[in-house]
Amino acid sequence: MSVFFLSAPPSISASLITSRSTTTVTSSSSVQILPLPLSQPPPSTLSGRLSSNSLLSNPQTTPISSSGCSLNCPHFDSCSGCTHEDNLHRPVILEEATTFFKKLGVSDFTFDTCRLWGWRCRAKLAIRGSWSDPLIGLYQEGTHNVVDIPDCKAHHPSINAAVELLRKGIKILNIDPYDEDERTGYLRYVQMAVTTYNTSLPASERYRSGRVQVSIVWNSRSETSPSFEKLNDLATFMWRNGGPNSKVHLIHSVWANFQTSTNNVIFGNRWRHLLGERDFWEHVGGIDVYLAPSSFGQANTRAFDSLLQKLHKYVPLGASVTDLYAGAGVIGLSLASARKCRKEVFICCSDCFEVSFISSTKIFNLNIFRSVRCVEINKESKLAFEKTIDRLPSSIDSSISWHLADTSVEPLSWLVGSEVLVVDPPRKGLDPSLISALQAIRSAERKAMTLESPTFKAKDEKRPWILRAREDSIEIPSRTTQEESRSLPQTLIYISCGWESFKDNCMALLSSKAWHLSKAHGFNFFPGTQSIEILAVFKRGAGASVKKKKSGKKKKKKNKPSVSL
């Protein structure tokens, strides 16, 4: 399998074991809860700090009642992370979402909730205080005062254990946390990311045995600063006490990020791998996914996996897909792996200047067409895409490409050639220009036929299997002119992490009558908060839900008076 990356935008000139509880919403006032077991909640009171061994002990799995879905967290009153303690399986916003979708004709809205405790596998924590009493946690609401959260019930137990190990290292090595006022000290933040994918263990044991990638944000410009020795000592301490030769293999790797900025940006641009494994992998959506420390990763990996499995059902077999706001392309690659994408086309690769094609004979009979096209504005995602695609099954024979581009610029050009459009925007929702393009998609059909090729042009070349990168496009030379699909999406799959922005975007799409809402599902990505993840499926056309219903009353015909002779 050969792969190319496309960096230029197109031209537009001419468990703990996972236990799942599924709630099927039948109306705005009634909810059917399927009696599936949930993991037992953590104890409500803790005597002292838990050790690594006790944090990683195997919890019992027992059915609990709805009233038992309580957080029981000692930090709830001071920590800004969670907003409600009770009914974790039913966020406050669920009733509003149910009513919203019912009014739009979706009466079978469903809500899936996976783990309620220990679900967070990725956490960014501030470090303040002093070396003798370090505070590692989140800012108190509306302030820059850090709340220490050693026993967070949302964190995967491995994160809590790694935090305690870090705390111990700070004290023993006398390492000063960062002071925002004086701009002194060393430790600013730490990112803890858990990988629960370990093929050496049975699948049932992988979640609870998750290992932590520790990324320390250090207050210096680089590893050449005088303080680097202290950083190296801290990393060595954590590796010695949590690495493969320790009693509990807790630490996956230790990384350093160097940041001296006075703003609120957590990470700087300079990274260094210090100890442990360099590559961090997770398994979601049926594929192995690589994540660099700088990559965006879902905090709730089990809930994200559930969403991807549901998403697969709405992509027709053999469809061409464009994945916007794609990040490392996890959604698009997951669809390719599920054999949902058109075959007998090539796979695209890096933005290097020359890459050999997998087979020089294939290109002559090739209809140039990209089955999965991933578009992302963050250049840091490129490495993750490249490594992830290397682990895809060799049996995949679909076209896959990744583009470094701004979705808001000439968005129509990214829609051309796709039957299914998947969007996973940030919390603020879709870019206005993309919404406008989707609203006017019916009138864009004719314009799409005149657009210049979004990525490829045919060009004579003595070696047609060679790819050459240009300043703003990738060209695939061929001895024959190839045709490209000019179709526009018939299905729009919207994944939303921002409820308010989704509602606005949804109503904007429906108001144009270019789309109608076909299905909607909710996912409990962040138990204990008012957030809800939405998977919504839109189809082209106004749809039955927005058509005016004809009155069932029929006008009675007036009978003419009979005349008897």
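Each Cβ is built from the backbone N, Cα and C atoms, and glycine gets one as well.
Annotation comment: TrEMBL describes GLN298, TYR325, GLU376, ASP424 as S-adenosyl-L-methionine binding site. If you look up TrEMBL, you'll see CYS497 marked as active site, nucleophile. Annotated region 'Disordered' per TrEMBL: 542-565, in sequence order. Among the features that TrEMBL reports, compositional bias 'Basic residues' is placed at 546-565.
When the binding-site residues GLU376, ASP424 are compared by the number of other C-beta atoms lying within 10 angstroms of their own C-beta, ASP424 comes out lowest. The Cβ of the residue listed as 'active site, nucleophile' has PRO426, ARG427, PHE525, SER531, GLU533 as same-chain neighbours under 8 Å, each 6 or more residues away in sequence. Residues listed for S-adenosyl-L-methionine, GLN298, TYR325, GLU376, ASP424, cover a largest CA to CA span of 16 Å. For TYR325 (S-adenosyl-L-methionine binding site), the same-chain residues that are 6 or more apart in sequence and have a Cβ closer than 8 Å to its Cβ are VAL375, GLU376, THR407, VAL423, ASP424, PRO425, PRO426. Taking the mean position of the Cβ atoms of GLN298, TYR325, GLU376, ASP424 as the S-adenosyl-L-methionine site, the remaining same-chain residues with a Cβ inside 8 Å of that point are PHE296, ASP323, ALA326, GLY327, VAL330, ILE331, PRO425, ILE495. Annotation for GLN298 (S-adenosyl-L-methionine binding site): spatial neighbours ARG122, VAL284, PHE304, PHE525, criterion Cβ-Cβ under 8 Å with sequence separation of six or more.
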